[in-house]
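A quick write-up on the structure given underneath.
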Amino acid sequence: MTGNKMVMTDLLKPEEIKKALDAFAAETFDPKKFFEMVGMKAMSAENVKKVFQVLDVDGSGFIEEEELKFVLKGFSKDGRDLTDAETKAFLTAADKDGDGKIGIDEFEALVHE
């Protein structure tokens, strides 16, 4: 998929992204609540997986802890970095097989949980 990589605004509404980012600008990041606010909970599994592919910066098929810290930047360049505690909590919530990273199916399961 080189050259025509999707951007988040192809999948989600910019105003909903902004609203969700603003909501968590000063409070502890809650991935499930955030995904719901940006409209991902209502999306098909296939589209949620497209969101994952946008967030999987290095194209490894996983979102590693290092990438997870910057996950909000994947939604908007104005997104803040997650704190170490938020990153760990996000990872713990999604990483069902305990390999220390989030796979595409784990991501989709977290969104639709």
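Each residue, glycine too, has its Cβ placed from N, Cα and C.
Nobody curates TrEMBL annotations by hand; they come from automatic prediction.
Note that this is a predicted model, so its numbers are computed, not measured.
In TrEMBL this protein carries:
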- D56, D58, S60, F62, E67, D99, K101, E106: Ca(2+) 1 binding site (BINDING)
- D95, D97: Ca(2+) 2 binding site (BINDING)
- 43-78: domain 'EF-hand' (DOMAIN)
- 82-113: domain 'EF-hand' (DOMAIN)
Cβ contacts under 8 Å made by the domain 'EF-hand' (82-113) with residues that lie 6+ beyond its boundaries: 28-29, 31-32, 35, 40-41, 43, 45, 48-49, 52-53, 56, 61-65, 68-72
Neighbour tally for E67 (Ca(2+) 1 binding site), based on other Cβ positions within 10 Å of its Cβ: 19
